[in-house]
Amino acid sequence: MDTRPALLVLQALLLLPVPGSAAPALRFVAVGDWGGVPNAPFHTAREMANAKEIARTVQTLGADFILSLGDNFYFTGVQDANDKRFQETFEDVFSDRSLRNVPWYVLAGNHDHLGNVSAQIAYSKVSKRWNFPSPYYRLRFKIPRTNVSVAIFMLDTVTICGNSDDFLSQQPERPRDLDLARTQLSWLKKQLAAAKEDYVLVAGHYPVWSIAEHGPTRCLVKQLQPLLATYGVTAYLCGHDHNLQYLQDENGVGYVLSGAGNFMDPSKRHQRKVPNGYLRFHYGAEDSLGGFAYVEMSPKEMSVTYIEASGKSLFKTSLPRRPRP
């Protein structure tokens, strides 16, 4: 019996791409400032457009999770875990079938702090996809089918720096509770010093660097930026300014600002407050429906693509894996 045809068929089958057999990677969406409005219909056209494009991106490119970068509910957060806003601004908007089983990892922004942040934490027990275990926490992942590891440190920058009326372009002046601020920073320092992962990300609501309406957050430039440099952090992800930006400092730390989930602001008023050469990309077109960042981490590098809610790729960059100690 001639087995060659069977072998050729087998060979052909082995060469066909099997679904899910793409190069190993950890993929996620990072979106900030998506929190709708407090009056009917409790969402904006931009939030709806982002939800639709996130769903399409997840369906075509895949995503292991969604990172929420704060200001989850405008303008004054939520009151309790049964607040209707969870349904109206979150569940009913990010309702596409492709998003149903994708977990969200959540942190709080300044508008969330005007309501009850512990209610957002408690909602983790109500929703199977909403994960907000405590005001700040660590996430750990492995890139599928590899030993390459990823750590993400989720911060509460409002507790570190204080609240601010961002519509008056205020800087946060001082934390409400200095002890809580110090405790969180010393936790982060200890965690970063011990982090052996191949990629280390830190995420918070306030930006370290931004050329836009709010500009650099002085408190974070002073207290967080030195930790990112000292401990070789891959990137810092944030929102707060209502646009999309990518900056990179002389230490190679990437700054991914993704705050275009619900509003768009074209302001570049703090361009001179950011060191020369840091800004690589800025998008704040007022007539745009907003957008988000899509991150893909492979064993070799981390790529960041900024996607407009219309589906257009606006900018792509990559950051290397950390050298092994």
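Including glycine, each Cβ sits where the backbone N, Cα and C put it.
Here the structure is a predicted model, which means the values were calculated and not measured.
Noted from TrEMBL: C219 is disulfide-bonded to C161, selected from C161, C238. Of all the recorded positions given, namely Y74, N116, H242, none has its Cα within 10 Å of the Cα of H205 (Fe cation 2 binding site).
With a 10 A radius on its CB, N110 (Fe cation 2 binding site) counts 23 other CB atoms from all the protein chains. Between the CA atoms of Y74 (Fe cation 1 binding site) and H240 (Fe cation 2 binding site) there is a gap of 12 Å. Apart from the site residues D33, D71, Y74, H242, the chain places the Cβ of G32, W34, G35, G109, H111, G239, H240, G259, G261, N262, F263 no farther than 8 Å from the centroid of the site's Cβ atoms, the recorded Fe cation 1 location. Note on proximity: of the recorded positions N110, N116, C219, the one nearest D33 (Fe cation 1 binding site) is N110, by Cα distance.
Closest in space to C161 (disulfide bond), of the recorded positions given as N110, N116, H240, H242, is N110, taking the CA atom of each residue. For the pair formed by D71 (Fe cation 1 binding site) and N110 (Fe cation 2 binding site), distance between Cα atoms is given as 6 Å, rounded to the nearest Å.
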